[in-house]
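*Asks:* So that we are looking at the same thing, I have put the structure below in structure tokens.
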Amino acid sequence: MMSAYNGSSSSSSMMMNRVGSSILFPIHGNVYPTGYYNVTINIGHPPKPYFLDLDTGSDLTWLQCNAPCVHCIEAPHPLYQPSNDLVACRHPLCAALHPPDYKCESPDQCDYEVEYADGGSSLGVLVRDVFSLNYTNGVRLSPRLALGLSSIGIDIIANAGGCGSEYGEVCLSSYLRVRMSYGCGYDQIPGTSYHPLDGILGLGRGKSSIVSQLQSQGLVRNVVGHCLSGRGGGFLFFGDGLYDSSHVTWTSMSQEFTKYYSPGSAELHFGGKATGIKNLIVIFDSGSSYTYLNSQAYQALTLLLKKELSGRSLKEAPEDQTLPLCWKGRKPFRSVHDAKKYFKTSLALAFANSGRRKTQFELHPEAYLIISNKGNVCLGILNGTQVGLQNLNVIGDISMQDRMVVYDNEKQVIGWSPANCDHLPRFKSAYYM
């Protein structure tokens, strides 16, 4: 779906060094049949839980709120009651959401409107409130920092009870309460890929994203990572303390397409060979359940797949409307593993990587197929041009399953590695495959 505090540099670097780096969230959901992944974030004082769609394709985090609400969609929790701590229109975080020539209608508040590729939108104002987060180490610090135009408090409280069993293998042993800015959405229009959640967790490259705000206060490195399990669930993290970079395949972020996490242009490969379909502008978007190619690439891919399947015992199943292209076998499939014998060819997107040797993002059958509730196998790569993506090509959740994907905004690189996403990691090497 598609401003830094310049306080004491010594206290900020001390915080960064002591914190070591990571905030961890369990993920819930799946590609099919749920259609999205989400995390639980505790916001307010006292904290209340909200289910947010994790979205690396947009910057702004927002909640549906009672301001009062003009148009709100069904959500799992009561509407958020907004704080009175408004972000002013001239604040750098507000400026990051608007074009340079934007004129403030209300100087004391920051109005926003975000639109998503699926036609959904949110209209509201920026507010500040307390986010209750968990570090993965035992930090015992209580700094007080400032953000923007008002002073805020950050409290890190040691967990005297040790590791919480609700987080499985991880000791989330320190508790962080930090005031951050996000959207209070009072007018929502659901898109075609509507998810019944409380709001969006914006994880993009911009200044208004949650991880950028945390980094500006010296609390984590500006790094986002996620591990989505093909069996459902997974984990999300901020900071650089939960992966070993030597296990990760890296490619540079595009300096041309800076709005998104994009490695730039790619070439489509099929069965280890170049298809001749080049200059595909690719973005990584965890807010998209499926992967999208532009019309030219999609048509080429489906022709190649149909050619590969010709003469085999699979037949197209147009009566199955789960996805645009489905096939049925002699008997219903129970898992993608059962269907793999028909789809033996791997796909790949090869990135030019600034003129150096090409880096390939491989797509094995588990990264582009689902099994529908009718027992058919369906292609989880869709025609992006038909849904309004123009020439953008989106790597969605289906193609990021069972691998660690890391967006390092400080080094300006994107990385990935096969991983076990079923369990939260104890340490850096715990989940590599």
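For all residues, glycine too, the Cβ spot is worked out from N, Cα and C.
Per TrEMBL, active site is recorded for D55, D285. Here TrEMBL flags C69-C110 as disulfide bond. The domain 'Peptidase A1' annotation in TrEMBL covers 37-417.
If you look at the structure here, what lies around each of the features I listed?
*Replies:* A simple way to gauge crowding: the CB of D55 (active site) has 27 other CB atoms within 10 angstroms, across all the protein chains here.
Counting only same-chain residues six or more apart in sequence, the Cβ atoms lying under 8 angstroms from the Cβ of C69 (disulfide bond) belong to L79, Y186, D187.
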*Asks:* Could you state the whole-number distance in Å separating the C-alpha atoms of C110 (disulfide bond) and D55 (active site)?
*Replies:* 22
*Asks:* Can you grab the distance from D55 (active site) over to D285 (active site)? Cα atoms, rounded to a whole Å.
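*Replies:* D55 (active site) to D285 (active site), Cα-Cα distance: 7 Å.
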